[in-house]
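*Asks:* Reproduced below are the annotations present in Swiss-Prot:
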BINDING   455-462, 1117-1124  ATP binding site
DOMAIN    62-385  domain 'ABC transmembrane type-1 1'
DOMAIN    420-656  domain 'ABC transporter 1'
DOMAIN    759-1047  domain 'ABC transmembrane type-1 2'
DOMAIN    1082-1320  domain 'ABC transporter 2'
TOPO_DOM  1-62  topological domain 'Cytoplasmic'
TOPO_DOM  84-147  topological domain 'Extracellular'
TOPO_DOM  169-240  topological domain 'Cytoplasmic'
TOPO_DOM  262-319  topological domain 'Extracellular'
TOPO_DOM  341-353  topological domain 'Cytoplasmic'
TOPO_DOM  375-759  topological domain 'Extracellular'
TOPO_DOM  781-798  topological domain 'Cytoplasmic'
TOPO_DOM  820-894  topological domain 'Extracellular'
TOPO_DOM  916-983  topological domain 'Cytoplasmic'
TOPO_DOM  1005-1014  topological domain 'Extracellular'
TOPO_DOM  1036-1325  topological domain 'Cytoplasmic'
TRANSMEM  63-83  transmembrane segment
TRANSMEM  148-168  transmembrane segment
TRANSMEM  241-261  transmembrane segment
TRANSMEM  320-340  transmembrane segment
TRANSMEM  354-374  transmembrane segment
TRANSMEM  760-780  transmembrane segment
TRANSMEM  799-819  transmembrane segment
TRANSMEM  895-915  transmembrane segment
TRANSMEM  984-1004  transmembrane segment
TRANSMEM  1015-1035  transmembrane segment
């Protein structure tokens, strides 16, 4: 295929020539997009590219914000100038006092002199005195502090406010542009990018970019300004000491940078592991009925836990690195103190180059510079995370779609006949390039005709329909419409000419009327009613309480398969399309409904092209032309009679299907609460591009094996009127999250009890670390006090002693910081893992009715597992360390402060609440501004999820723009909120920064009063103020976790509520009756039942029917009569409200749940497969033991699956993809049958078990099922008479009761409801 020639893009604007290109080039172009997507992860975007969406206004906001951040950064070095001068004033004053205390010295004429006994003055000393008014000096310095406080308040407010507003504006654009771009992508791109990852990109990744460009940016500028100016001030004041200190400072900066980078890396690994665990949880909870039916709870908990272990390891490593490097930095800082004061005091005392104030200025300037340089690394972490997140977002934004559904390019034909032709089309899906689906396909579909396409599973029928819609482009050849290559036509225009109805139709979470209106935006209510009547949907809609305003639930979950299909047909008919594509469109309808729909289709056939993929004889026979497919090629074409005479593919299919059918129209028995229609032979064999791959998430809210009505889902605002969501929320009784009492801390700690040794050692480390700050204040003030001593040797001795203490404190800090970091990381991660595991286990142990509750949707539960478990650490883990640290800090600081000056301590204590509050506010600011309006963003997230999960349907009906508009409308609320929050946060940040200067201003002013009036030593003033101010800010940082603490208690309460809940049907309980000789006798005794989520709808109304061991019972009846509900009662998904289900004479309520389910095997119409290998999916049939490979192969052979599996490259190790998306419907169904067979159950439940198979496969599988039924009790729900006519008992149900029962012959003889159903296909009333 390397140099095969293909036709491509033949009619573009400005050119009429037919261009020829090498398919190699085109295929490479296609695949390169996917490869680039993967490459994009390795090369991050440049930092300034983060601001690519900034406007002129944004640039001005950022410029002014940056200028204010620069001025704010200057304030700290400015304070050091004041502090150094003030230190010199204090020392000069104290030196004067010390000298005057010497006997024989006095102050005469502002000079200190010796006074001899004769009163003659000796003026050789010459030291000035009496000129320094310490109190007035302190007033001056206090005013300087107050002035800087005002500057910091204003600049701090502006820098944060302006940057946050600019970021909000840019993030708003980024969200809009990225969603618009994703909605433009071709379907092949979605095959290779999971919906879950894309949703994460819209939420988490964009939030991370926001963190990078919002408040972190001005804080980074501020810190860097402080850092640079600090170093410059140090060099200016004294280069010698600066060079000595600066030799150590890079190590501090490096340590801080390593922390930032390591934490970022480990967090990334940890999040990836949690994401995998989250995907497992989502898959399992979405498929809860299958998990319960096959007793997979324990296995799924183990699978979930495996991913949690990886996350735990990375979390602990992160704690170790943080603990070590935090200790390393503290150690370096204290060693730096020791070195600076030792060498600096030498320069002050011996060389006289510096004053003590200059020494303090230089030292604190360099320390301030290094610390701010290190702290800036936390911003670098946010920038790195933002860049990493932006890489995938920008790659998506910059990628050019191969098929751009919103492109204005291409022709729009004035008149369209609807003649479609395939010219030597070869095709493979982008996600499976090695599997050829269409192979040199050539066929003509004429206008005004109904063309039926038939063929076995995997022959390429539905793929051909997707190429007509231009979901994909052929690898070779071309598809033409009225002679025009469809690649030259405008894609939006093309799709408006096409109506599509799929076998598994997707309805959106809004009203029935709006769902039909999706077919045509300007459709009036009359048009909608007309279409509903044509689709035979009008009667059942009018029977609903709210008629056309009835909400269909997520994915149409409130409706049966037949009802959904009729609404989808109405949606297609309302647009009056020139081309109508029907992919098993009437498979879920009974004969009467189908006949009415076929009549409606025949009416519009004139001037329209109708292409139908079907295997019902009645559907196919009505076609003008039938085309037979085999191995991706059209092998025959003709009318029904012509093809029967030819005796080819069609003849084989008809022969197989007609065998055993007693009447021509005897297929109309259709199930009730079933999900979607008869799944036939979807051809995309083993390809993620299979026709159903985009439908999975919309069907997740109810497991494919559940065939009952579910709880109402909240609607989304993806309709023409943006207010619909709000109106619906007001009008409908949608449950809200109930208020919950916070959990007691004692119980949280009890849950963390196994880690008590780690917590104990961590608490010891935290206590020591808490004492370090007040100890620093003590030592620092002690050194300053020595400079006023008159004896130089005494000064030197005391300074050396204090320097040695600094070294000792540094070494201790290294150990205790590491101990605290490691111990609490270990205990916290183990707690999180335990909570997630127990929470997940408790979820899987709940009864199925619990999952029907809106609040317990898969999305809500997986979110609860992720967020609540992490939030519980807010009351345990590292938070305990923070609290112990702060408590020790404050206690030691208060002892020191009150010991040396209780009066000054009380004055500073007045600012304590403000200082604590400022610390809390500041810490909360620095954690980032990612707290957008949660509710509105969740709704926006629901819109993206619904749009992307159902992208094929959205693209097919051309509603991309409508989803985009709805998404953008939901973004307005958090966008407006961000402006308000920017002002609040800006003020809080400014206040948190300035309050320390205000406190210092008042404290030094009062200290200036106490020194002369009460004889307080100046070093005590420094000691008391430093101790209290530093401890207050530390307390503030601790109190900033109060919201986390409160959230933790609420999250823990939700967990404990889940753990404490006693489900009415206890899966994990070992209690209940078990017996050895399980026979399989089943008796339904006067069973009455309503679903917990729909208590006003009586589903079973006194069901009574029995089946003896080894017999087959078949349920038949119209939609909604309760057939599948009876199966759910037998599985004990629910218990009857009244009556009993008896198993071998035992009341099912008293039977052990796991024992009961282990003896039941089930095959559903839409089987749920898990994202693992074919072998593992088959083994899932029996989770009580390890199944040998021989048994797996044996089961596969019985299910007619083995040959297909062996034809795959990886055979039984082949991964089936998410929800089995890599397989066709027939292949999935056979895996499900093998899964049931390997279980070797005593009771076999077949719920439309062969409906998804083509006629050929069905016959072979039916033989396997007949064999599997031998010796087993079997309960069958089906609508093909060939499936049920040989049953021992046929029970005809209507409105929740059995109205007739007997064998096929007996019921036909009675000429009642069953006879009517068989002979006319009329529904049972």
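Glycine residues also receive a Cβ, built from the backbone N, Cα and C atoms like all the rest.
Where in this structure would I find these features, and how exposed are they?
*Replies:* Reduced to three states, the DSSP call for residue 1121 (ATP binding site) is coil. In the shown protein chains, 28 other C-beta atoms lie within 10 A of the C-beta of residue 1121 (ATP binding site).
The average pLDDT the prediction assigns to the topological domain 'Extracellular' (84-147) is 71.
Helix, strand and coil content of the topological domain 'Cytoplasmic' (341-353), in residues and according to DSSP, is 11 helix, 0 strand, 2 coil.
Remote same-chain partners of the topological domain 'Cytoplasmic' (781-798), defined as residues 6 or more beyond its termini with a Cβ less than 8 Å from a stretch Cβ, comprise 87, 90-91, 94-95, 98-99, 102, 341, 345, 348-349, 356, 360, 1017-1020, 1022-1023, 1026.
Taken through DSSP, the topological domain 'Extracellular' (820-894) splits into 68 helix, 0 strand, 7 coil.
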*Asks:* Which number gives the other C-beta atoms within 10 angstroms of the C-beta of residue 1117 (ATP binding site), all protein chains shown included?
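*Replies:* Result for residue 1117 (ATP binding site): 29 other Cβ atoms within 10 Å.
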*Asks:* Comparing the binding-site residues 461, 1123, which residue's C-beta has the most other C-beta atoms within 10 angstroms in this structure?
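*Replies:* When each Cβ's neighbours within 10 Å are tallied, 461 tops the list.
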*Asks:* Of the stretches 354-374, 799-819, 984-1004, which racks up the most C-beta pairs under 8 Å with the transmembrane segment (320-340)?
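*Replies:* Comparing 354-374, 799-819, 984-1004 against the transmembrane segment (320-340), the winner is 799-819.
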*Asks:* Out of 241-261, 354-374, 760-780, 984-1004, 1015-1035, what stretch is closest in contact terms to the transmembrane segment (895-915), meaning most Cβ pairs under 8 angstroms?
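*Replies:* Answer, by Cβ pair count: 1015-1035.
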*Asks:* Count the Cβ atoms, other than its own, that fall within 10 Å of the Cβ of residue 459 (ATP binding site), considering every protein chain shown.
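*Replies:* By my count, 27.
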*Asks:* I need to check the long-range neighbours of the transmembrane segment (760-780): which residues 6 or more away from its ends have a CB within less than 8 Å of a CB in the stretch?
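*Replies:* Non-local partners: 330, 334, 337, 802, 805-806, 809, 812-813, 815-820, 822-824, 827, 880-882, 884-889, 892-893, 896, 1022-1023, 1026-1027, 1030-1031, 1034.
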*Asks:* Using Cβ distances below 8 Å and needing 3 or more such pairs, separated by at least 6 in sequence, tell me whether the transmembrane segment (984-1004) contacts the transmembrane segment (148-168).
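*Replies:* Stretch pair touches.
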*Asks:* For the topological domain 'Cytoplasmic' (781-798), DSSP counts of helix, strand and coil?
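*Replies:* Here the numbers are 13 helix, 0 strand, 5 coil.
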*Asks:* Is it possible to list how many residues within the topological domain 'Extracellular' (1005-1014) are helical, extended or coil according to DSSP?
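*Replies:* Taking each residue of the topological domain 'Extracellular' (1005-1014) in turn, the totals are 10 helix, 0 strand, 0 coil.
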*Asks:* May I ask for the residues of the chain that lie six or more residues beyond the transmembrane segment (1015-1035) and have a Cβ under 8 Å from a Cβ within it?
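*Replies:* For the transmembrane segment (1015-1035), the sequence-distant neighbours (Cβ-Cβ under 8 Å, at least 6 residues beyond its ends) are 90-91, 93-94, 770, 773-774, 776-778, 780-782, 784-785, 788, 885-886, 889-890, 892-894, 896-897, 900-901, 904-905, 908-909, 911-912, 915-916, 918-919, 922, 996, 999-1000, 1003-1004, 1007.
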*Asks:* So for residue 455 (ATP binding site), how many other CB atoms are inside 10 Å of its CB?
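*Replies:* There are 28 such Cβ atoms around residue 455 (ATP binding site).
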